[in-house]
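So that you can see what the record holds, here are the features copied from TrEMBL:
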- A:5-117: domain 'Semialdehyde dehydrogenase NAD-binding' (DOMAIN)
- A:Thr12, A:Gly13, A:Ala14, A:Val15, A:Ser156, A:Gly157, A:Gln319: NADP(+) binding site (BINDING)
- A:Arg97: phosphate binding site (BINDING)
- A:Cys126: active site, acyl-thioester intermediate (ACT_SITE)
- A:Gln153, A:Arg239: substrate binding site (BINDING)
- A:His246: active site, proton acceptor (ACT_SITE)
Number of protein chains: 2
Amino acid sequence: MEKYNVAILGATGAVGTELLDILASRDFPIGKLRLLALEVGTTISFRGSDYVVEEATPEAFRDIQIAFFAGGPISKVLAPEAVKAGAVVIDNSSAFRLEPDVPLIVPEVNIADLNNHNGIIANPNCSTIIMALAINPIHQQAELKRVIVSTCQAVSGAGKAALDELNGQLRDLLDGRQPAASVLPVASLDEHYPIAFNLIPQIDVFQDEGYTKEEMKLVLETRKIMHLPSLPITATTVRAPVLRSHSEFLNLETSRKLPVEEARRILAAAPGVSVLDEPDRQIYPMPAFTAGRDEVFVGRIREDRTVPAGLNIWVVGDQIRKGAALNAIQIAEQLIARRLV
Amino acid sequence: MEKYNVAILGATGAVGTELLDILASRDFPIGKLRLLALEVGTTISFRGSDYVVEEATPEAFRDIQIAFFAGGPISKVLAPEAVKAGAVVIDNSSAFRLEPDVPLIVPEVNIADLNNHNGIIANPNCSTIIMALAINPIHQQAELKRVIVSTCQAVSGAGKAALDELNGQLRDLLDGRQPAASVLPVASLDEHYPIAFNLIPQIDVFQDEGYTKEEMKLVLETRKIMHLPSLPITATTVRAPVLRSHSEFLNLETSRKLPVEEARRILAAAPGVSVLDEPDRQIYPMPAFTAGRDEVFVGRIREDRTVPAGLNIWVVGDQIRKGAALNAIQIAEQLIARRLV
């Protein structure tokens with residue numbers, strides 16, 4: 001089997017760590033592996049060998065075929081350099097997602113878009129991937145007319161500092177001390193609020209008309225992935241004191257009525273989706289039980305009788321795994337299978 | 001000023017305690033006070049005097065004019081007995097809420113219904129009260145066409161045992177132990193799940209078509225309170241690891257378009273409602289900061305452009321205070337003001 005030289009930019013962070021775990025477990029055909037991050041000199045073990053983290057420079061991509069970029073503002077500068085050096089970049093940042101010549105890929109939804117890549121392939125926002133997996137199979141059987149999504153997103157989505165802060169706040173509160181906050185909702189902004197025992201209705205910065213950037217990602221990225229540039233979607237995103245896995249309330253209007261049993265069958269047959277929906281046995285998706293799982297879990301599927309054809313669905317998925325690292329690796333696997341690298 | 005003999009059934013629980021706090025702070029005109037609960041013999045201090053908790057029997061209401069029932073199945077049996085004994089009962093249980101001859105009252109919304117009472121007045125479900133305060137002022141200015149509500153409800157809504165369980169689970173998790181669960185989602189059912197770092201998409205038992213009893217309360221009680229028997233409402237309710245105050249994502253369709261500034265003005269002028277909606281200053285409602293507050297807080301008000309006239313709103317309110325005890329006391333104050341007791 002042919003092997004590929006792989007680089008991971010941001011190898012020491014949450015997404016980088018997850019990328020390495022999944023690459024190892026899926027037996028990805030790696031030739032040379034280069035790990036890049038700010039923590040130059042750190043040693044990381046992979047498949048029994050030790051790798052020293054190197055500096056992320058344009059030269060670091062010279063003999064690399066597939067480069068995973070874990071995210072962050074560095075992508076904007078380095079991704080074009082890596083492409084010039086000959087690599088195909090799978091980028092988890094938001095820098096290129098809405099560029100017309102950059103494919104934005106959820107493999108189960110729009111893998112054919114990969115054929116037109118120009119060196120950079122964008123990995124969608126975590127909440128977007130999780131929603132797309134649940135709504136695309138529905139759309140294939142009963143055209144979507146409107147999507148209302150409300151999210152409760154895990155603290156790990158804001159990075160390790162946010163997780164540490166949640167744990168510290170909980171210890172403070174359980175011991176009767178006032179909790180401090182300096183990370184959430186957005187570290188670089190003025191106001192910070194505790195997330196312990198709280199819900200913060202702000203993820204990322206505010207943009208036009210009172211919507212946050214995270215909310216607009218759900219709207220704009222979903223439209224691009226599904227090739228539905230005018231699909232009506234409205235989103236509200238909230239941070240919740242959950243460690244890992246994002247949860248989403250979906251309200252869907254469809255062109256024809258889908259009975260609950262049919263919706264369950266459609267979703268059960270959809271790749272990457274697992275149905276957990278047995279109210280009689282109290283079986284439904286919960287974020288505490290889906291961390292580390294590849295699939296997106298759907299449940300609480302109900303007809304919404306306030307419209308002629310509507311569904312309420314509750315969706316939960318590990319936002320670091322399928323919401324980021326796994327999706328990126330599935331893209332790389334398809335690049336190889338389609339000889340696009 | 002005339003005084004009234006008051007009884008509180010369930011005086012030792014969360015709602016009973018809140019009732020006593022609010023009665024004291026609002027200088028309610030109490031003559032005799034009788035505290036009833038299972039914990040017979042316990043002493044409770046009120047306005048500087050000690051009261052011994054007595055047994056809840058039909059005879060306990062003989063000289064009582066206003067009886068607050070904090071909730072639970074005992075209402076079904078004892079409320080009619082208390083009425084027979086001459087008391088007016090303000091009942092926080094769900095036993096009588098949908099009875100046609102029982103007024104279901106949110107004072108800011110439908111106080112005129114109080115005039116027709118037959119001895120029992122029902123206090124609505126906590127989530128319902130919080131939503132009604134936010135949507136009724138909108139409806140008065142732009143008729144509601146459809147309401148989609150998704151909730152994240154505090155653990156204290158399931159009682160002290162659930163709160164203790166959350167705290168115990170957090171200590172276990174922070175110390176690396178497996179958390180145990182025996183209360184949530186519904187103590188009397190078979191399956192129990194930890195709420196720490198989790199979201200549980202089940203509040204109360206499942207009923208028809210996959211909806212829970214809590215979800216149907218939001219639909220049916222709101223229709224009755226607002227005198228809109230066919231208002232299209234659909235609900236999804238989830239338990240969140242928050243101590244106190246319920247949060248609700250509301251998506252509203254109205255008969256005419258309300259610009260955000262007009263919606264803010266309408267809500268700012270509405271009794272019992274406080275607008276916290278300054279995205280530029282990162283001001284919005286959060287459950288950790290609304291516990292113990294009388295008002296229902298609204299923010300994140302945005303136009304939903306997926307329909308001709310739509311709004312997204314985020315609402316947070318203390319479910320034990322306005323969601324239960326305060327609302328009951330406001331009903332009692334109106335009974336007195338209208339000489340209906």
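In case you wondered, yes, glycine gets a Cβ from its N, Cα and C as well.
TrEMBL does not curate its annotations; it predicts them automatically.
Here the features listed in TrEMBL are placed on the structure.
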residue	record	DSSP class
A:Gly13	NADP(+) binding site	coil
A:Cys126	active site, acyl-thioester intermediate	helix
A:Gln153	substrate binding site	strand
A:Arg239	substrate binding site	strand
A:His246	active site, proton acceptor	strand
A:Gln319	NADP(+) binding site	coil
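Separating the Cα atoms of A:Arg239 (substrate binding site) and A:Gly157 (NADP(+) binding site) is a whole-number distance of 9 Å. For the domain 'Semialdehyde dehydrogenase NAD-binding' (A:5-117), DSSP puts the residue distribution at 37 helix, 30 strand, 46 coil. Nearest Cα neighbour of A:Gly13 (NADP(+) binding site) among the listed recorded positions (A:Arg97, A:Cys126, A:His246): A:Cys126. Take the Cα of A:Gln153 (substrate binding site) and measure to each of the recorded positions A:Thr12, A:Ala14, A:Arg97, A:Cys126: the nearest one is A:Cys126. Around A:Ser156 (NADP(+) binding site), a 10 Å sphere centred on its CB holds 21 further CB atoms from the protein chains shown. A:His246 (active site, proton acceptor) sits 22 Å from A:Thr12 (NADP(+) binding site), taking the C-alpha atoms as the reference points. Model confidence over the domain 'Semialdehyde dehydrogenase NAD-binding' (A:5-117) stands at 96, taken as the mean pLDDT rounded to a whole number. Long-range Cβ neighbours of A:Gly157 (NADP(+) binding site) (same chain, at least 6 residues apart, Cβ-Cβ under 8 Å): A:Cys126, A:Ile203, A:Arg239, A:His246, A:Gln319, A:Ile320. The binding-site residues under consideration are A:Thr12, A:Gln153, A:Gln319. Their Cβ neighbour counts within 10 Å are lowest for A:Thr12. Long-range C-beta contacts of A:Ala14 (NADP(+) binding site), restricted to its own chain and to partners at least six residues apart, with a cutoff below 8 Å, comprise A:Ser156, A:Gly159, A:Lys160, A:Ile320.
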